[in-house]
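> Got a structure for you, written out below as structure tokens; questions coming shortly.
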Amino acid sequence: MRPNLLAAAIAVPLSLLAAQIAQAGEGMWVPQQLPEIAGPLKKAGLKLSPQQISDLTGDPMGAVVALGGCTASFVSPNGLVVTNHHCAYGAIQLNSTAENNLIKNGFNAPTTADEVSAGPNARVFVLDEITDVTKDAKAAIAAAGDDALARTKALEAFEKKLIADCEAEAGFRCRLYSFSGGNTYRLFKNLEIKDVRLAYAPPGSVGKFGGDIDNWMWPRHTGDFAFYRAYVGKDGKPAAFSKDNVPYQPKHWLKFADQPLGAGDFVMVAGYPGSTNRYALAAEFDNTAQWTYPTIARHYKNQIAMVEAAGKQNADIQVKYAATMAGWNNTSKNYDGQLEGFKRIDAAGQKLREEAAVLGWLKGQGAKGQPALDAHAKLLDLLEQSKATRDRDLTLALFNNTAMLGSATQLYRLSIEREKPNAERESGYQERDLPAIEGGLKQLERRYVAAMDRQLQEYWLNEYIKLPADQRVAAVDAWLGGNDAAAVKRALDRLAGTKLGSTEERLKWFAADRKAFEASNDPAIQYAVAVMPTLLKLEQERKTRAGENLAARPVYLQALADYKKSQGEFVYPDANLSLRITFGNVMGYAPKDGMEYTPFTTLEGVVAKETGQDPFDSPKALLDAVAAKRYGGLEDKRIGSVPVNYLSDLDITGGNSGSPVLDAHGKLVGLAFDGNWESVSSNWVFDPKMTRMIAVDGRYLRWIMQEVYPAPQLLKEMNVGK
């Protein structure tokens, strides 16, 4: 999920880092900063040189890859990639049927010939180069003058040209990242591997043990890991899926640690964290806490209940909506945890006090501080503008995101954009984007059931007719033809006649021109044609606000950074899906008075949670192996068993899932897959006492592959077999 560049995560300029007081735990450091914080890294226990881990194409960093929403790493010279089970969940679900349910049973390819495609849109991105383009980006924006919409379009044009030049070399995918709300811009160039195959996934009763009950919780006992393999053409260059392709040979791959990890040991994570908001305005925080999180969580829970009920009657729904449900569950529980955490640490009060101090400092500077004060006022005004239509915007977006309407609106928009020169098309509809659009159309039926889609459409139409008059959309009202349950039923009955449920039909429209859409009698396409002018108008309004933000946000954030520097504080960029490193130590925590959590869980803890019912229904092979104390030489004598999961004080967020956890020597000791319940609010206000990362221990991964769901071929490939 790609965040809008123009609303990229708020951060502070890296040049203002006060490295001398940086410490382990808090901080998502860009690799270029690592030599500056060499002291804290060494103090925490790093044995490698900071210069070595800041070499992004060397060992070990060159082994870390992005999946587009998750992180992974190469673990063999033959293109084997390890990530989280939940990151591979979509691929597992895509290859599952009610009769052959890989989600439940697992997948273990005996040979590379038996590996299956992870889907047409599965990707492995291997970082090749990072270039600072701040000067050119700012010049392009400045040339647009005072017109807000022109500023947005100027940045878009700059980005498109920059990316087109970067991607002139075949096989690469490039992306422009904004830091500090527009104070810094960097271009990332990645090798784009397009043939990704599922090699191994443990049964769901291992990979998702504890399910949504244990999600975000400690103690934890989840084997959250899976393996892909990256393939390329025989010439070694990226190519679409083909039986003739061969495994990719990375320059670097991670080796499993040969020293046992213990409490207090140094660990670090390299990955692609999605978004944090630690430098957001207090009012922006308040809007999120009071409306955004509660509202989205409520809608997701309602939809979860709908799909669960339907799934009990239809196994096809249960399988096809598994990945969607996992996402809804994860997000809604995360938001609940953040809201609880906000209250526990008085996040609202902290944000208000911090902002009051900054504003007071600026006022004390007289004329020098006025531009930042004006920028702050402008940001508040922009927030109020967005709040005025937030219910409409959310409802319309999620209604249009249901399967058939999502396909119809995307396809019609594509036909409109195709009338323009490629450089002038909206991002997401350029020639570079067509394979992803086509891939999504091809795999939609594996995640769609008509009866379920109708229920979801009905849910959002019922939400729409509840909107106040000033938030209604004339085009939708005209299409709906009423404001009651009868009108909703008529609309649903019309939409049921769409033919877009067929892959063949969707691909036909993928190649159609605009006139064909506007002459169509398909009800989903007719809806898209009816509402598109309004959608385009609303998009222009958002871009105008984004242009205002481009002028105000960097000014205020620069002032915020200056204030922090004056107070002797260190600063680091908010997460924005770019490569980051976080470091710290293995340690437990005390969630409540009189309660102390140790940092490791064990095999015996898995058995203690066993109920025989989902989600605590371990495979018989696991229970038998634990009962026989068949540890396979992987036990840690300090805890008397094989460690399953462990805690550390590292700073991660969504997007870090699947990130390799490295020890002091750069060896693999596990995979990041979650945070504890008390940590989720740290996306906004970091709490060092409570924030902990949860990782699956590398020894548990190996134990499962050795004793429970054997994959000797992969263990041998990773040079860790018996």
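From the backbone N, Cα and C atoms, a Cβ is placed for every residue, glycine too.
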> If Swiss-Prot gives N215, W216, G655, N656, S657, F673, D674 as binding substrate, which of N101, N105, N108, N330 does it give for that site as well?
N330
> Disulfide partner of C70 per Swiss-Prot: which of C87, C166?
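In Swiss-Prot, C70 forms its disulfide bond with C87.
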> Just give me the nearest neighbour of C174 (disulfide bond) among the recorded positions N330, G655, S657, D674, Cα to Cα.
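Smallest Cα separation from C174 (disulfide bond) among N330, G655, S657, D674: G655.
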> So how far apart do the substrate binders N215, W216, N330, G655, N656, S657, F673, D674 get, largest Cα to Cα in Å?
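The span, Cα to Cα at its widest, is 16 Å.
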> Taking Cα-Cα distance, which of the recorded positions C166, N215, N656, S657 are within 10 Å of C70 (disulfide bond)?
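The recorded positions passing the 10 Å Cα test are N656, S657.
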> For D674 (substrate binding site), which of the listed recorded positions (C87, C166, S657) have their CA atom within 10 A of its CA?
S657
> Count, for each of the binding-site residues W216, F673, the other C-beta atoms lying within 10 angstroms of its own C-beta, and report the residue with the smallest count.
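If we count Cβ atoms within 10 Å for the binding-site residues W216, F673, the smallest count is at W216.
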